[in-house]
Amino acid sequence: IFSPGMYSEEWSRNRQGREKAVITNFSFSQLPEEEKRGRIKSHSGNDSEESIPDDRYHGIYFAMLLAGVGFLLPYNSFITDVDYLHRKFTGTSIVFDMSLTYILVALSAVIVNNALVERLSLNTRICVGYLFALGPLVFVSVFDIWLELFDTQQSYALTLAAIAIVAFGCTVQQSSFYGYTGMLPKRYTQGVMTGESTAGVIVSLSRIFTKLLVEDEKNNTIIFFLFSVSIETLCFLLHVVVRRTHFVRYHTDRARHSWLKGQINNFTTKNHSGYQIHYDSSAEEEVISPDAVNLGHGSHGDGIYVRFDVPKPDTKRTWMSVKELLDQRCAVARMIWPYMLSILVTYFITLCLFPGLESELRNDTLGEWLPILTMALFNMADFVGKILAACPYEWGGVQLLVCSCFRVLFLPLFVMCVSPVQHPLLAHPAWPCCLSLMLGISNGYLGSVPMIQAAGKVPLQQREVAGNTMTVSYMAGLMLGSAVSYSTYSLTSQSLHADPVWFMQGKSAG
């Protein structure tokens, strides 16, 4: 007895001799297209499960690594071009402003993504993120760098606006990918995080080679940005292909089934009105629900017929209330709080120093090459750290937090590399290079392990929420570190240009 628009779930067991067969049939006629594919398949014999598909040739892992490249490459492309930025915006805090703009918008994007996780499909959020990342890269490359259609002030504002759009798109994409890989085996989360560091390595090497091979700064900058656009496009196309593979669909469907089972249990526990369980009790003694209706036509011999009727919910009811969203995330946070704090502290200390303070390093011999080299060393060491995070060692959450806190020693050491301005205490370029290596490898390792291990501390159906919650902590650390990094700007700049560009404009206008 079904009315149109109802969900139905139907189980039937039929005996043939002594052998039993269990047929499971789910009908989700009203669910989004992505969830329709999450149907439960038939089982036979002793409830044997479908064989787990293999990631042949590690193609899925490579695609996830490139996914990590995709959501950090646009921002890295903007900040790694530090020599061009210093020449074009002489005497300004452009790198600091870009960093803070990115982090503030990114934190807002993480919060928005956590709200949209129940409303928009995973693929929609990721694809929109890619489009938001590609748009500003192409626009700035063509209209600002190549055609030079804007004056300095307009270009400054345009650069920050491009960073804001990139930040929103890439962070929605990043947060969604952590939820996405949380449904896959652990190594794929590590692959995405390794991809983040790979983005820095690719961009750093790209800038070094374009600067070495093409003498004209405008031309080498255009080539540098167009290379970034091509890599980002490749990442987007790979995502479209990979999400349709049997391996990815198997694991994401499994997570959705687990979520659906939890929803059914919640309905049963809360005894929502309109929810009915119909049993043919001819072969079952226990009656599951007081409102169970005995359907005579569902009984054949000693088989069992069970039917769950859930009236189609009103659209407003399918959207979680703000309170339910907060309760869900608080419950997850209580399970993974040491990992949340660990990743927050790790990225807070890193952003206090990188890219802002490192971009201001100067040396009489190396000149503008010193910040380019230290950024490249940081990115390469970060890449190594994320690879080491794949080593099978189970850290405790508190242990990770303590190790993250020890990184505070980097702060005074880096300050001694730039202060006093004319004669730094650690003046030799080997000092910032070695410190960048250590900062990078510790950031890569301690920034990855909490994210990887946190997903295993929550039930399967809550892993996407755990991934998004960890990303909130990650972004909070980035925001706080980026804000604090402004305090180091006065240590690296002459008093002549200690003011940010908007204060300079205000003074000149006065």
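For all residues, glycine too, the Cβ spot is worked out from N, Cα and C.
Over in TrEMBL, the protein carries these features:
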TRANSMEM  60-79  transmembrane segment
TRANSMEM  99-116  transmembrane segment
TRANSMEM  128-147  transmembrane segment
TRANSMEM  153-172  transmembrane segment
TRANSMEM  192-210  transmembrane segment
TRANSMEM  222-242  transmembrane segment
TRANSMEM  336-357  transmembrane segment
TRANSMEM  369-388  transmembrane segment
TRANSMEM  400-423  transmembrane segment
TRANSMEM  429-452  transmembrane segment
TRANSMEM  472-489  transmembrane segment
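Between the transmembrane segment (153-172) and the listed ranges 99-116, 429-452, 472-489, the one holding the most Cβ pairs under 8 Å is 99-116. Here the transmembrane segment (222-242) touches the transmembrane segment (192-210). Their Cβ atoms form 3 or more pairs under 8 Å, with each pair 6 or more residues apart. Here the transmembrane segment (60-79) does not touch the transmembrane segment (472-489). Their Cβ atoms form fewer than 3 pairs under 8 Å, with each pair 6 or more residues apart. When Cβ-Cβ distances below 8 Å are used as the criterion, the transmembrane segment (429-452) is approached by residues 178, 186, 189-190, 193-194, 197, 339-340, 342-343, 346-347, 350, 353-354, 358, 361, 363, 365-366, 370, 373-375, 377-389, 395, 397, 400, 403-404, 407, 410, 413-414, 416-417, 467, 470, 474 of the same chain, each at least six residues removed from its ends. Between the transmembrane segment (192-210) and the stretches 99-116, 128-147, 369-388, 400-423, 472-489, it is 369-388 that has the most C-beta pairs under 8 angstroms. Within its own chain, the transmembrane segment (128-147) is flanked in space by residues 70-71, 73-74, 77-78, 155, 158-159, 161-163, 165-166, 168-174, 176, 218, 221-222, 225-226, 228-229, 232-233, 235-236, 239, which lie at least six positions past its ends and keep a Cβ under 8 Å from the stretch.
Put simply, of 99-116, 369-388, 400-423, the stretch with the most CB pairs closer than 8 A to the transmembrane segment (472-489) is 99-116.
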